[in-house]
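J.: Before we start, here is the structure in question, set down as structure tokens.
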Amino acid sequence: MLDIVFDGSFMPHGHCLLWRADLLFLTLVGDGLTVIAYSLIPIALIYIVKKRIDLKFNRVFLLFAGFIAFCGLSHAMGLVNIWHGYYFIAGLIKFTTGIISILTAIFLWKIMPQILAIPSQLELQKQNKELLLAKEQLKESNQSLEEKVKQRTATLEKLASTDPLTQVCNRRVLLEKLNDEHDRAIRYHRNLSILMLDIDDFKSINDSYGHDEGDKVIVAFAQTLQKNCRALDYVGRYGGEEFIVVMPETNIDEASQLANRIIESVSEISDNNIVSFSCSIGAASLKKDGSLSELIKHADELMYQAKAEGKNRVVS
Ligand SMILES: Nc1nc2c(ncn2[C@@H]2O[C@H](COP(=O)(O)OP(=O)(O)OP(=O)(O)O)[C@@H](O)[C@H]2O)c(=O)[nH]1
């Protein structure tokens, strides 16, 4: 069998080159370099396919790798044939190279529409730009939405915590804050005083001047309370015409002073639009380990004592 393949009747290619050194050199170096390159290119293609399994048309890379590898083999056989006439093997290699080349060409044409459908780099850059723009717009609208939600939340929080007539804290928030202040005062052994305030003879104001006029009096009273409070104090509407002023870090003497200042301020309200009125105040301070309900009850009792003693006064 080997004899048929290599029967010695073939003439080595070297004779064609006349064994000339320059021709041999050109053929050897040219084919040698081609063989090296055609061995490295398939390795590179297989490496790409292995690393980028996401790439479409992977198979075409493998066909190219085979096609180039066989081209390399053909050139290698060309070199061998200079000395030994293995033309049968060379023919087989050329035949295989031809088959693979045809397969590659057919496959390439088959997938041509899909290759052409791949967006160009320019198109991708354009799409990328559009995406970035859309992302920016989305970010902006997100920000403005967040801003709106923040504003709406703040408005809702204000509505939920504010008395609609007087704009001071409503009863719920007043008691929550008072509870916090009470806990803090007990834990850190700090002073805490409150004023319980009630407008005197408010029913007769309503009866004589009407409900709207009564509302104006309540609003003016709340404003007067706020004006007289310090930054740390706060005012809340406890009931109809009843208010509480909370005074953290304040002892009973300081609380009484503020209460008397309020009595004076109320007597000075001489707005033509508002009927004159007065108020009674109970001023109480937190006792050592006293409960919040005891503090409120005590201030309430003192306020009623002020009413009983003739109104328009402070009892502490
Ligand atoms: N205009 C108005 N009146 C209110 C409001 N809330 C409660 N009132 C009225 O306030 C009046 C409170 O009257 P009373 O509790 O009898 O007390 P008073 O007339 O102030 O008498 P003293 O407390 O003894 O000084 C009632 O007539 C309630 O209807 C309000 O928001 N607006």
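Placement of Cβ uses the backbone N, Cα and C atoms for every residue, glycine included.
The transmembrane segment feature in TrEMBL is assigned to 23-48, 60-80, 86-109. The coiled coil annotation in TrEMBL covers 121-162. Among the features that TrEMBL reports, domain 'GGDEF' is placed at 190-316.
Describe each of these features in terms of where it is and what it packs against.
T.: Listed as Cβ neighbours of the transmembrane segment (23-48) (distance under 8 Å, sequence separation of 6 or more from its ends, same chain) are residues 14, 17, 55, 61-62, 64-66, 68-69, 71-73, 75-76, 78-79, 82.
Residues 168-170, 172-173 of the same chain lie 6 or more positions beyond the ends of the coiled coil (121-162) yet place their CB under 8 Å from a CB of it.
Per-residue pLDDT, averaged along the domain 'GGDEF' (190-316), amounts to 94 for this model.
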J.: Per DSSP, what is the residue tally for the domain 'GGDEF' (190-316) in helix, strand and coil?
T.: 60 helix, 28 strand, 39 coil
